[in-house]
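Peer 1: According to Swiss-Prot, the record shows the following:
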- His189, Glu293: Fe cation binding site (BINDING)
Amino acid sequence: MTDHALLLVNLGSPASTSVADVRRYLNQFLMDPYVVDLPWPVRRLLVSLILIKRPEQSAHAYASIWWDEGSPLVVLTRRLQAAMVEHWPHGPVEIAMRYGEPALPQVLERLAAQGVRKVTLAPLYPQFADSTVTTVVALANQTVAERALPLQLRVLQPFYDHPEYIDALVASARPYLEQDYDHLLLSFHGLPERHLKKLMPGSKHDLRAADCCKDASAEVRAVCYRGQCLASAKAFATRMGIPDGKWSVSFQSRLGRDKWIEPYTETRLDELAKAGAKKLLVMCPAFVADCIETLEEIGDRGKEQFIEAGGEELVLVPCLNDHPEWVRVLARMCEKA
């Protein structure tokens, strides 16, 4: 075994569906300044208020989608890890979570102790955001520096418009899209508008435009999460040959009262049902592995909302997970990182 490891990093999950474990996980997640970007005292107060009721609510949601093997996100990321071993001859393939276990700092320490000297760090997020990519890279660099680990890090960059990533989406989703359906909704995880605006100070970038990055500079496109989501969706629809009007984009998982990027998924579900859509397909391309946001928020609550609004069937298209084409594509992208 050589000294070059591949480290696949995903968001994370509570250790169990107990309220205590969910509270611990939510506290770690929400206290990350890249997630809740407020001054520490304000962030601590806000998170403390959220943790009064949210852990019990979230524990119920996790319990509704929990597998016998554990958290779907962790289980699916481990399956991806197992498949990637055959495609990475340079050293060990490991996984880490930004929040929860296996914790990123401990995994880096273990790799260094095993004699690894190079690590290709693969944040499993197609689109760029501070709350996903930046926080992973920052924690990895901080860990290496503070613990004096003899590790050289390389980072897989966001791949939202990489042709092979789009091909993997097509290969994974094609069996569902070859069936009859009325509309395809591509639902991405949402972000507060301020997360994007602070990355483009002085820019007149319109985050509510139908194509917000149409005339944007390369610097703005590199940090505009919304524009990258729209680009992923457009590339996928074009590659699949889905006509305009039969697909649309929305953003889910809004938390709090701040303005988030639009349109909101819950709004689109009602609009599509009332417009006459009976069978709705929903894809969530911001996630490469199914998780609470896909299985519970869309697959359960979203389906219930759509049917109550007049629709008849909502089909959740699985994420890439450990699809063979995705495994091959990810391996090639990591080789070139």
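Using the three backbone atoms N, Cα and C, a Cβ is placed for every residue, glycine included.
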Peer 1: For His189 (Fe cation binding site), which residues of its chain lie six or more apart in sequence with Cβ-Cβ distance below 8 Å?
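Peer 2: Once residues fewer than 6 apart are set aside, His189 (Fe cation binding site) is near Phe251, Gln252, Ser253, Cys284, Ala286, Phe287, Glu293.
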Peer 1: Near Glu293 (Fe cation binding site), how many other Cβ atoms are within 10 Å of its Cβ?
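Peer 2: So the number of other Cβ atoms within 10 Å of Glu293 (Fe cation binding site) is 20.
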Peer 1: Determine, from DSSP, whether Glu293 (Fe cation binding site) sits in helix, strand or coil.
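Peer 2: The three-state answer is helix.
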